Amino acid sequence: MGKNITVLGAGAWGTAFGQVLADAGNTVTMWAKEQQIVEGIRDHHHNAVRLPSVEKLPDNMTATGDRAEAVKNADIVVVAIAAQFARVALVEFKGLIPDHAIVVSLMKGIERGTNKRMDEVVRESLDLPADRFAAISGPNLSKEIADRHPAATVVACTNLDNATKVAEACTTSYFKPFVTTDVIGLEMCGSLKNVTALAVGMARGAGYGENTAAMIETRGLAELTALGVAAGADPKTFFGLAGVGDLIATCGSSLSRNYTFGANLGKGLTVEEATKVSNGVAEGVPTTDAVVALGNQLDVPTPLAYQMSRVLNEGISCSEMLAGLFGHEVTGE
């Protein structure tokens with residue numbers, strides 16, 4: 001039997017995931033602040049602003065701009081808001097979400113200023129117990145999901161029964177969720193791979209080839225694994241769909257905003273210029289400094305994140321970034 005599911009945020013990924021939920025037989029309500037998006041989904045089953053490639057969204061998808069109306073009957077509430085705005089946005093929903101509802105995060109990022117993961121931000125904002133929070137992460141490029149190409153993901157919750165409920169609610173013929181209790185690992189994978197994607201994109205944009213990309217990706221994986229384990233994650237998580245899988249998809253596709261943003265930097269655009277031509281938020285940009293700060297907090301070296309922070313804050317070139325990443329000491333891998 002289908003559930004009542006609300007998706008907070010009608011961006012490309014939120015809308016694509018809403019379609020997955022609708023295809024799985026649920027009644028889906030999208031919440032958005034933009035009246036144009038609300039009316040488009042509600043009246044025409046089309047999100048012309050954020051996901052124009054899908055000509056007709058399922059009939060069992062609707063939309064509202066009213067917070068209370070959006071969540072009042074929800075069994076599951078999915079959060080698909082830009083990570084750095086999550087806390088401010090979610091506070092407005094505190095006390096509105098039903099006590100039985102599971103809250104699921106699609107967000108990927110580390111909050112600037114607090115160095116907190118999205119699971120921490122969501123739970124604090126909504127005063128939510130850990131067993132009612134779940135996160136979803138994996139190699140899930142929104143356009144491919146929207147086109148219903150076969151894909152898999154991982155659902156994490158400290159309560160495995162609740163993880164399974166969420167997974168069942170988003171299982172379709174083309175979308176396969178797996179479950180885990182490693183919330184920390186899943187969150188760290190989703191956040192930190194965006195920084196790696198920025199660096200790979202920058203190298204590609206600057207004209208470097210496969211060797212350079214592979215070097216950045218593998219060192220990025222080592223960096224995010226070390227940081228994740230220090231935060232309490234299971235190292236195995238980093239070698240599954242949420243880790244290596246997401247890294248491969250994000251670092252190798254022009255559909256990835258982080259990769260594309262980095263590529264524009266590599267071609268010589270400034271951060272401001274790359275931001276203007278970006279279609280949506282490249283979460284790796286605000287996350288980079290937060291990753292460096294988190295590494296300092298956990299006493300874990302983050303050379304890739306540090307060099308990318310220099311790119312973003314000081315405007316160093318790709319060659320300077322790579323030179324800084326290499327260093328001069330001979331070390332063990």
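For all residues, glycine too, the Cβ spot is worked out from N, Cα and C.
DSSP assigns Ser142 (NADPH binding site) to a helix. Applying an 8 A CB threshold to same-chain residues 6+ apart, the list for Ser142 (NADPH binding site) reads Ala12, Trp13, Thr15, Ala16, Phe17, Leu51, Leu255. The NADPH binding site feature in Swiss-Prot is assigned to Trp13, Lys33, Lys108, Ser142, Arg257, Val281, Glu283; the stated evidence is sequence analysis.
As annotated by Swiss-Prot, sn-glycerol 3-phosphate binding site applies to Lys108, Gly138, Lys193, Asp246, Ser256, Arg257, Asn258, with the evidence given as sequence analysis. The Cβ of Lys193 (sn-glycerol 3-phosphate binding site) has Lys108, Gly220, Leu224, Gly243, Asp246, Leu247, Thr250, Cys251 as same-chain neighbours under 8 Å, each 6 or more residues away in sequence.
Classification of Lys193 (sn-glycerol 3-phosphate binding site) by DSSP places it within a helix. If you look up Swiss-Prot, you'll see Lys193 marked as active site, proton acceptor.
Separating the Cα atoms of Asn258 (sn-glycerol 3-phosphate binding site) and Glu283 (NADPH binding site) is a whole-number distance of 7 Å.
Cα-Cα distance from Gly138 (sn-glycerol 3-phosphate binding site) to Lys33 (NADPH binding site): 27 Å (rounded to the nearest whole number). In the three-state DSSP classification, Lys108 (NADPH binding site) falls within coil. Ranking the binding-site residues Lys33, Arg257 by how many other Cβ atoms lie within 10 angstroms of each Cβ puts Lys33 at the bottom. The distance from the Cα of Glu283 (NADPH binding site) to the Cα of Ser256 (sn-glycerol 3-phosphate binding site) comes to 11 Å. When Cβ neighbours within 10 Å are tallied across all protein chains shown, the highest count among the binding-site residues Asp246, Glu283 belongs to Asp246. The CA atom of Ser256 (sn-glycerol 3-phosphate binding site) is located 10 Å away from the CA atom of Val281 (NADPH binding site).
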